[in-house]
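For reference, the structure discussed in these notes is given below.
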Amino acid sequence: MGEINLNNASKKTMGREKIEIAKIKIKTRLQVAFSKRRSGLFRKASELSLLCGAKIAILVQSPAGKIFTFGNPSVDSVLNHFQTGRVNFSAGFGANNNFSSRRRYDEAMRKLDRENMIKNRMKEKVEEGNTFWWDKSIEGLELHELEEYLEALEELESNVLNKMDNYTSWVNSNSDDFHVRYIGS
């Protein structure tokens, strides 16, 4: 049996490095760091709420001036408690409640923003000359090629529907526990 010489072992990656805590100067890195840290903060807040039953409200303003919130049971109910001194942690869940309407509006706006972002990315790809296979003309294709094309389209549709079902079920299973939203400007 051979011995392992630890002195000759070289480190393959840098791993997690300690970073200096100071404002990031490069705008793109600043935005990436903000997004990652924000989601980490919200995740930790949800863990604290689950483990300890804490009522939590977090408001964060991005470097671009956008406001993001996290709350359990909802930001509105926690803020209402501190403003009025009354405990009403069911606020935000009623059908006739303005908070519920606002939450649905905010969720719809987030979805619209995501859809627009995806549309813009696709538009940029097409403008760069990278067209998708389904965008190419089917004129002049043989019958067997058209049949293959149809099968590919059906498979694409099935994949999209599966992804949509997975995303919808994930959102539905998580939306009852925590309320995270983006308040647009």
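Cβ coordinates come from backbone N, Cα and C, glycine included.
What TrEMBL says about a protein is an automatic prediction, not a curated fact.
Features of the protein shown, as given by TrEMBL:
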{"type": "DOMAIN", "residues": "14-74", "note": "domain 'MADS-box'"}
{"type": "COILED", "residues": "105-166", "note": "coiled coil"}
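The average pLDDT for the domain 'MADS-box' (14-74) in the predicted structure is 86. The helix, strand and coil residue counts that DSSP assigns across the domain 'MADS-box' (14-74) are 26 helix, 12 strand, 23 coil.
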